[in-house]
Amino acid sequence: MNRNIVLVCSFGLSTSLLVNSMETAAKEAGAQVRIRAIGSNEVPDVVDETDVFLIAPQVRYLLNGIAAHGLPAGVIEGRAYALADGRAALHQALSLLEQGV
Amino acid sequence: MDKLLSFMERTLLPVTAKIVENRYMQAIRNAFIGSALPMIIVGSIFLILAIPPLPDGLHGGWLGRVSEWLTEARPMLMIPYQLTFGLVAFWVCYGVAESLAKHYKMDGGRVGLMAMATLLVFCLPVGVRQHGHLVGLSAISLDRFLDDLGAVGLFVAMLTGIGVAELNRFLLRRGLILKMPPAVPQNVSRSFEMMVPAFLAVGSAFLLEWWATTTWSPQPLDPATALTLPQIVMAKLSFLVQASDTLPSAILQIWLMMLLWAVGIHGMNVVSSVAYPLWQNNLSSNIAELGAGEQATHIVSEPFFHMYAHLGGSGATLPLVFMLLRSHVSQLKQVGRVALVPALFNINEPVVFGVPIALNPILALPLLAAPTVIVTINFLAMHSGLVPVPTVQPPLTMPVFLGGFLADGSWRGTVLQGVDLAVAGLIYYPFFKLYEKKLSHFAAGE
């Protein structure tokens, strides 16, 4: 079953840079995931189809609000985010999924 | 400095979270970004088509004839703009109600529609007489009605959106919403559920408008001069809009944005959730002036920041990217390579978190200084008439030079961006060198 990873930033612009490299990393690792980037205003719309939220560092103040939806959520580490390090971000998403809420 | 920055982060983060997570602030921001922004951008495109950036004083030749025709046809060509961007309050009202309703886990679309209906009621004077008889819609000019659904009505639109969503929530909690038996199809039962809140919302808006029109309008009441609630509220709050369009206000706004970015928080996002209504007021006033054949005069709007200050992203970091690319420190060069393409479209998170600038005591200073100097230059250049005031809001990803031209319809906007880039580069350079040196010492020490 595909797990849904949702990346959140202000407009879904800067996180979209990370989506491709995460997809490549997922393919390499053989992880069954679906990844997409959204703007913070879309969070309530996608909660039902999300398994884990990854939050961009510049909007890390959203963490508590997003975690309140009862799904695993974490803030992406700054340098991994900046360099679009898909492997690190994927690893973070998968370990958040493993830990659960 | 290190301590100062981490202290700032510790204090700013919870404050920001409070502001941004406030459900009303969130609803207002979502309304602008989610519901109004597409209309604003589409309207801006129609505006460029209606008032294209042609040089003044074209006479003779086919270009001259086109320019003459465009001036003559301007009232007609403005229609697509007027019915999109021009109705910004209408879209914002929907968006606020929709977003807040969703936050309360209610049906956003329906509550949004209800709020729109309520706002329409507020945009017509009620209780006005002509020749002794109470008059209705036909006595009111369409122009004034549509004006109220534009920038004039923004404050009332936001309050209406909040009010209607809260009314729905209140009724739902108290069980005062008509419930149909489960056998009734969901679509039918939902429309029944709307009846009580819609009746109360539109009905009380009608009564409120009746009271407001008859109390606050100049006497005797006349359809041509009678006031509506949006006009009354805007008149009371116009000092706020005026104050927002000054150099101290521009500097205060850029300072707040940059202080937040200095600790790696999206400053534009936070400041815009408070300032967006004011920016849109100023921008709409500009377009009204332009449509009337006058010079636009309102400087501080969304494109003032996004197109002329955030060059390559918040903090005017585009020159820094080129310094990174030429750096002999491999860590910085690597960031430069990743950061270049996004930076051309004004996305600079790779720079902010890769260099990093966020929480970096050396680069925090130019991050504050460069945009402050740029904003001051831009404000003065526009205030003195050297560069036209922005009248168009291009998407925030519009590349530098192109964006400066589109936003004010003049090559001078492009030149201003060039000057700004040079100034930002000069301010960043010494601090960048200092940081580079520190990194290479660090690497050598290892």
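Positions of Cβ are set from backbone N, Cα and C atoms, glycine also.
Automatic, uncurated: that is what TrEMBL annotation is.
Record note: among B:109-129, B:361-381, B:109-129 is the stretch given as transmembrane segment by TrEMBL.
Per TrEMBL, the listed range annotated as transmembrane segment is B:307-325 (candidates: B:307-325, B:421-439). Remark: the transmembrane segment (B:149-171) makes no contact with the transmembrane segment (B:254-276), by the rule of 3 or more CB pairs under 8 A. For the transmembrane segment (B:307-325), the residues of the chain that approach it from at least six positions outside its boundaries are 254, 257-258, 261, 266-268, 332-333, 335-337, 339-340, 342-344, 346-349, 351-352, 355, 357, 367, 370-371, 374-375, 378, 390, 394, 396, 398, 400, 403-404, 406-407, 413, 416-417, 420-422, 424-425, 428-429, 432, judged by C-beta separation under 8 angstroms. Beyond the transmembrane segment (B:224-242), the same-chain residues lying 6 or more positions past its ends with a Cβ under 8 Å from any Cβ of the stretch are 89, 122-125, 128, 141, 144, 148, 152-157, 208-209, 212-213, 216-218, 278, 281-282.
Remote same-chain partners of the transmembrane segment (B:109-129), defined as residues 6 or more beyond its termini with a Cβ less than 8 Å from a stretch Cβ, comprise 89-90, 93-98, 100-101, 135, 137, 139-140, 145, 148-149, 153, 156-157, 160-161, 163-165, 168, 190, 194, 197-198, 201-202, 205-206, 208-210, 213-214, 217, 220-223, 226-230.
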